[in-house]
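Reading through the structure tokens given below for one structure.
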Amino acid sequence: MCAKKLKYAAGDDFVRYATPKEAMEETRREFEKEKQRQQQIKVTQAQTPNTRVHSAPIPLQTQYNKNRAENGHHSYGSPQSYSPRHTKTPVDPRYNVIAQKPAGRPIPPAPTHYNNLNTSAQRIASSPPPLIHNQAVPAQLLKKVAPASFDSREDVRDMQVATQLFHNHDVKGKNRLTAEELQNLLQNDDNSHFCISSVDALINLFGASRFGTVNQAEFIALYKRVKSWRKVYVDNDINGSLTISVSEFHNSLQELGYLIPFEVSEKTFDQYAEFINRNGTGKELKFDKFVEALVWLMRLTKLFRKFDTNQEGIATIQYKDFIDATLYLGRFLPH
């Protein structure tokens, strides 16, 4: 089945497949294609002749000796050798993909603090542009190749971390994680474990191969999605309370692409929020309930797109299909 990607004014640009298993297979295929493309680009760069040599100026040392020979002077000494200096142009660390790494070194772990990223960016910005065979790399090449390569390296790191977590918590050694094992793995910012309803929601979304569990490939997809949601959650926790309010929840949905009115965000928030702080005056969302709410919105959006045949944000549904859709969604109602 060919994947169909829709552009909506509301929703998270979710790619529709027959099953989550097909989605994961498509992700692996895209990763392999990107890897082959990067290898082909490297081969092409190595084989491309340097056209800048023909227009380069004569080195200072050669011109100096030539002038002295024409004037009848002997070369008793030579001036300081010419060494071209590159302009210090700030380079985004994501784009600095030409620097060679010693063979055999493992891929460094992903940085856990934004301060580390900023420090790295400042260090790279103070160095000259990267070189290929002692020639400056064109800026167009960096812009074209680097972002995809950076994403690929980050994707590989995510797969390594997720794989290690999977094996660490696969207590029974069955290459599958149960709801209890997944609950022991997933934690909120206050070190409390995810509630079982949030764990069940994730398993129902990603566990396509066998009901009630996730295999390694399914867990990797789950890990990547939860990681991206956590970044949005932390960014919108303005006061650092480890929970988010209804306004922060609405801003999170807007950032994820769910362009819905505040009233709709508020109703969704009320379905999952709890009175966490006894001294507080309103409900709050912890990260596990935030994830559960997003899983519910994903299901609603995906089902809506099924009946939005013109991709205009307007669904036309027959009465029979409406009943079937309602019964289907009823299996995943918040509890």
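Glycine is no exception: its Cβ is also placed from the backbone N, Cα and C atoms.
Within Asp170, Asp189, the residue that Swiss-Prot lists together with Arg176, Glu181 for binding Ca(2+) 1 is Asp170. It is 32 Å from the Cα atom of Glu181 (Ca(2+) 1 binding site) to that of Asn239 (Ca(2+) 2 binding site). Reduced to three states, the DSSP call for Glu248 (Ca(2+) 2 binding site) is helix.
Cα spacing between Ser241 (Ca(2+) 2 binding site) and Asp170 (Ca(2+) 1 binding site): 32 Å, rounded to the nearest whole number. The Cβ of Glu248 (Ca(2+) 2 binding site) has Asn236, Asp237, Ile238 as same-chain neighbours under 8 Å, each 6 or more residues away in sequence. Report note: the Ca(2+) 1 site is defined by Asp170, Arg176, Glu181, and the residues of the same chain whose CB lies within 8 Å of the CB centroid of those residues, excluding them, are Phe166, His169, Val171, Lys172, Lys174, Asn175, Leu177, Thr178, Leu182, Thr213, Val214.
Around Glu181 (Ca(2+) 1 binding site), a 10 Å sphere centred on its CB holds 19 further CB atoms from the protein chains shown.
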